[in-house]
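Some features that TrEMBL has for this protein:
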DOMAIN    61-187  domain 'Poly A polymerase head'
ACT_SITE  D79  active site
ACT_SITE  D81  active site
ACT_SITE  D156  active site
DOMAIN    214-271  domain 'tRNA nucleotidyltransferase/poly(A) polymerase RNA and SrmB- binding'
DOMAIN    324-448  domain 'Polymerase A arginine-rich C-terminal'
REGION    536-579  region 'Disordered'
COMPBIAS  569-579  compositional bias 'Basic residues'
Amino acid sequence: MTKKSTAKKTKIRQNSDQSLSVITDRKQACHDAKNLGLHKGYLPSSIKEVILTLNQAGFEAYIVGGGVRDALLGLEPKDFDAVTNATPTQIKAVFGKRCRIIGKRFLLCHVYSGRDLIEVATFRGQPTGNNHTNNDGMIVRDNVWGDILTDVVRRDFSINALYYQPLEGVLYDFCNGLNDLHNRTLRLLGDTKIRIEEDPVRLLRALRFKAKLNFKFDKSLEKQFCTDHWALLSQVSPHRLYDETIKLFSGGYLMNLLPLLYDYKAFDALLFYPPNMMTPLVEQVALNTDKRIQSGKTTNPAFFYATLLWENYLFLLNKHRKKMSFNEAQIFASNLVLDRQRQRTAMPKFAENFIKDIWLMQSKLVEPRKKNLLKILENQNFRAGFDFLLLREQVFAKNQTLLHLMNQTITLDNESTHGMGHWWAWFQTLNPKQREQAIHEFDSQTAKQRFANLLTTNDSFEATDNKKSKKGKLTEQQQREREQLQQLSLVNQPTKTYDYFANIEKMLEVSNSQHQEKRNTKACVNKQHIASLVQDIPAERKHRKPSSTLSLLDKKRGFTESNKTTQTKNKRSVKIKQD
């Protein structure tokens, strides 16, 4: 352990020639963790094992960052990060094969403890010389080591600069981070302008924390959201920006975050074609994504990217479809959007292909060919394209309402899907034999006329059924479709809106439960039938011995009961002699 400093306060100079007052007297900065609601018993064994191993090797080690912050706020921490005075090579020597050194701009260690992955960093020091920053002051290399006091200054927000030692049961606050937590304030340490120039990604982190924690910016931070600082993001690696957007979109608070991204002009720096306003489709996807994350389900961030860039794709598709065939225009528009977006946020190839499949599948789902129905259903990204189509149907009525109220186009997606999303939902519930019949009887126009009614209210659907009933009874197929859709909760709903993710899962649950019920009922019928037969059997016949033990083959060979028993005895005796 390092020696405790005798000075109560000191001013540590930053590379910006600005000073930040920090508390260096550990007694003054030390707080009892239990009084703050922190107990090591609530920590996972993995982080405690990493801290203990570093301590036993003679190094300082603390839990720092979002895990401590969320625990103090009463939230469930997503993960825990550790910080130590051991260098990456020393950490590697302590943990051996369990440790992997990563990073270029700033070296980190990933330590595996059981199934958990713990990120362990070394105390950062003050970068010296011009080889660590570029002309705009942005730090491009940050592998200078220091102690806990220099590491405090290098932290971004005061609420993330709290050091928790679980084995000693203490928490160190060198920069009044606990006070900011109490006041629910986001404050950057040091000179705010210089800290943003050092790393402009801190603007995105500030918006993310504001949306997640519902904190307010201090006055100095509020002034930094300007065009000049957003322009600095162009110097950040597109791969790193993509990783930051994944954190933005998969945190479970998109509905709080999206207005901030629009209001603070963040999309101007993140998207090549920045949107002017939030469309109903983006809003609905954000709502459903938050619901899935909050219920512990997985999401694909590329799906939200497909939603954000959908308007750009439609714009280029309408622009170029006059010059080439529709299929060629689809491929050209999707490639152009993704190629230009790659300059801002470099998505992995599999994510780009996933987005492209969603877009290209929309026309195939709305105007399917009879011979391609099963081929579309077997596509590996069918579920994503189907989900996207259901969302478009869900917000279509809202788009039309906004169009009439505001007398301006809110979205370019004004073409009706004619209820084909609901047709595909129904088609997935059929068994193989029913699917063959549905494919044989499939007609695009008939399907659209029948399932387009589901985009309207209950009354319109019932009115349509009444008209059909006046003309005559529903056909067997129409009645089956009606019953299937009622089971899927796609009709007769109390409201027009619904959670499409929940409906899809409910659809699968309904189909599985139907087959299970059939199996269960059939088994019950068989058991009852057997039980009834057993009751009819006379008592003397219930335990009747078989009249003969000979098989049909033995009877054909002319064996009798006595011959058969003597022959088996002879075989046994011969086998014993051989042994």
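Backbone N, Cα and C define each Cβ position, glycine as well.
Annotated features taken from TrEMBL, shown on the structure.
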| residue | record | Cβ contacts under 8 Å, 6 or more apart |
| --- | --- | --- |
| D79 | active site | G66, G67, E119 |
| D81 | active site | I63, V64, G65, G66, G67, I118, E119, V120, A121 |
| D156 | active site | L188, L189, R195, D199, R202, R205 |
For the domain 'Poly A polymerase head' (61-187), mean pLDDT (0 to 100): 88
Tally of residues which DSSP labels helix, strand or coil - the domain 'Polymerase A arginine-rich C-terminal' (324-448): 90 helix, 0 strand, 35 coil
The domain 'tRNA nucleotidyltransferase/poly(A) polymerase RNA and SrmB- binding' (214-271), counted residue by residue under DSSP: helix, strand, coil: 39 helix, 2 strand, 17 coil
